Amino acid sequence: MAVTSKAKMYAQGLQFYYGDFKALHDIDLTFEQNQVTALIGPSGCGKSTFLRCLNRMNDLIPISRVEGVIALDGENIYDPKVDVVELRRRVGMVFQKPNPFPKTVFENVAYGLRVNGVKDREYLEEKVEQSLRHAALWDEVKDRLQDSALGLSGGQQQRLCIARALAVEPEVLLMDEPASALDPIATQKIEELIHILKQQYTIIIVTHSMQQAARVSDVTAFFYMGRLIETGATEIMFTRPRNKQTEDYITGRFG
């Protein structure tokens, strides 16, 4: 696998196991700076498992183990010396369903900063506003910062979760089907936001929607039965895929 000088992260020879079950087979994949990569494939193909390897969320599963390398800025994130808390700050994650804390809007965004020892009120206020602006949510909640985040709409809650991830200044943003639980208008806002965020972040998104992958990503990677079948520029993947399995999946012949 060729790793370019623009690579922010890469996986090389990655194997992942749940106990004796091998869920990922020899994955080689590079993520370049300021690009959006969509991971596609049918349910159970390994795309979400792979995504969770990128910030070691799978460490939370006792029977799991990893072989191979995942590197961030050239450093193996599975090296025993790696601070996993710091890794998850650098590689943030937004989940499928909005998961705001039962706290105020302000405290949801400030949470990660407080965990990292930030106490200065002025700095917290500045970072909360900046993060909400980056998540295209500030104008909708600026007068509701002390209200419960649970009172926001589903789309607003998901953008709040994005703001919460952005507040701790990540370098990579992982998104696991971030719009699957949202209506079309809220989905459009998330997709517009992804286009803006890629100017500052490297984004890796799992999606079941071929249309969404085509709209938001620069690169698409197709997974099937735990293997990376094909990867390439999204426009080419959706119009001239090299692999017959890729073509069959994208055209809806199986899923």
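For all residues, glycine too, the Cβ spot is worked out from N, Cα and C.
Cβ environment of GLY44 (ATP binding site): no same-chain residue six or more positions apart lies under 8 Å away. In the three-state DSSP assignment, the secondary structure recorded for GLY44 (ATP binding site) is coil. What Swiss-Prot records for GLY41, PRO42, SER43, GLY44, CYS45, GLY46, LYS47, SER48 is ATP binding site, and it gives sequence analysis as the kind of evidence.
Here the domain 'ABC transporter' (9-250) returns a mean pLDDT of 96 for the predicted model. Sequence annotations record features per position, and here Swiss-Prot assigns domain 'ABC transporter' to 9-250.
Cβ neighbours within 10 Å of CYS45 (ATP binding site), excluding its own Cβ and spanning all shown chains: 23. There are 26 other CB atoms within 10 A of the CB of GLY41 (ATP binding site), with all protein chains counted. Within the set of binding-site residues (SER43, SER48), the lowest number of other Cβ atoms found within 10 Å of a Cβ is recorded at SER43.
All protein chains considered, the CB of LYS47 (ATP binding site) has 28 other CB atoms within 10 Å.
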